[in-house]
């Protein structure tokens, strides 16, 4: 019996040893699920290197045009140190061990745009290679370097014992589309500045690069204008608590800049302007019933010279506050009934030779507004309604397609007219929906229309729209993320490499957990758990 027991004991010991060895090997062969959005060219091996936060260093390469003192990258180094080592609480991540045992991420940038803003066209291309004790990140601009730092941060992982590792990796990466936007509506529900900043963080993690700020609309006018302070004092939900001061706006723009994100303001007119009329008399069109004023008001009055004088002064201010070269002028969903009822508007139309075609009146109004912003050196974006109604389409710069139905038919029409296009139709996320329908937003093919290569180049990107009827700070984040991440990969990554939902799912699930650990309350995709669950619930 003793012999048999000894043999049995030995057998079980061997089994346990083999099992332990397999576990160790499995741990040793760990690779991250991947990077989101997927880089254009991504090669990773099972060879891994330990990282120690006390011996980790960001530095500038000798050949880099920018060096220490570059505001964008200096800030990014601090930010990403905390993201890479979330458990490390000691002060400031200063190099504490000898140089030969340290891991260095060396950044080299070709152009000095440290103090500028990301522009209409800017390179986000970067190359990243990770080897023992060294990672090299090369980019044409600081904005590409910031994207590369985000990628590197996603490559770092912890084992079950809390130790940090990164695998040997080579990446060449650049975005498929130049314009990758998120629209937030701050009129239907006011969003606190902190909520906007949190969204900008999540946008940076997903490599979005345009914050489309639909700042005012019918319900409220929260933008506090220096030139026309009555617009917010009378048009906001509350003149003190539910406004964006000039300081607030500067803070959002500065925060976005450091993350390589443009801030694109939208002041939508002539419709969607009820709140404007509360603080600016004679701007909106008085509606008539049976030949007398009804007491209600419609869209902006396009028949008065004072309308254009007001708009010129407002947009002059807006152009000085928002540095981006683009401005969104709206132009959607104009209800003609009030214009039709107003005898003075009808007289003006007759005088202008428009007859009873109110589409021509809208086109006339938009033409004037576009001329105002053009004189301020701003490129105007309009919703697709303006393209549909406009006879002089050559005056349009960028059209955003938003209507449902055959949206690619509309994209094709706009591109065929030689005008740049932004696609928003398939990425409306404001309606309630389970996060597992991310696949619906992933399987969108923006260039799947019949057209020439030149026409397809006119599709400059796409945008996720989060309208505010049913969205405020309480539910914005889980409704937006990780569904918006599906659009992020569609707009950044190679279409052929990211056509499989089955391959995308484990990466998105892994990335969603990264967002959760970074304090983004992203909704779950399915049954399961994150190693680090959301803390503030």
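Glycine is no exception: its Cβ is also placed from the backbone N, Cα and C atoms.
Sequence annotations record features per position, and here TrEMBL assigns signal peptide to 1-34. The annotation domain 'Beta-hexosaminidase eukaryotic type N-terminal' is assigned in TrEMBL to 35-155. Annotation comment: TrEMBL describes 70-114, 287-338, 513-530 as disulfide bond. The domain 'Glycoside hydrolase family 20 catalytic' annotation in TrEMBL covers 177-494. Under the heading active site, proton donor, TrEMBL lists 333.
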As a quick check of your reading of DSSP, tell me how many residues in the domain 'Beta-hexosaminidase eukaryotic type N-terminal' (35-155) are helical, how many are strand and how many are coil.
34 helix, 35 strand, 52 coil
Please work out the mean pLDDT for the residues of the domain 'Glycoside hydrolase family 20 catalytic' (177-494).
96
Measuring CB to CB from residue 70 (disulfide bond), give everything in the same chain under 8 Å that is also at least six residues away in sequence.
60, 109, 112, 114, 142
By Cα geometry, the one of the recorded positions (287, 333, 338) nearest residue 530 (disulfide bond) is 333
Sorry to bug you, but what's the C-alpha spacing from residue 513 (disulfide bond) to residue 338 (disulfide bond), rounded to the closest Å?
51
Sequence gap of 6 or more, Cβ distance under 8 Å: name the residues on the same chain that satisfy this around residue 333 (active site, proton donor), in order along the sequence.
271, 272, 385
Identify which of the disulfide-bonded residues 287, 338 has its Cβ surrounded by the largest number of other Cβ atoms within 10 Å, counting every protein chain shown.
338
Give me the Cα-Cα distance between residue 513 (disulfide bond) and residue 287 (disulfide bond), rounded to a whole Å.
53
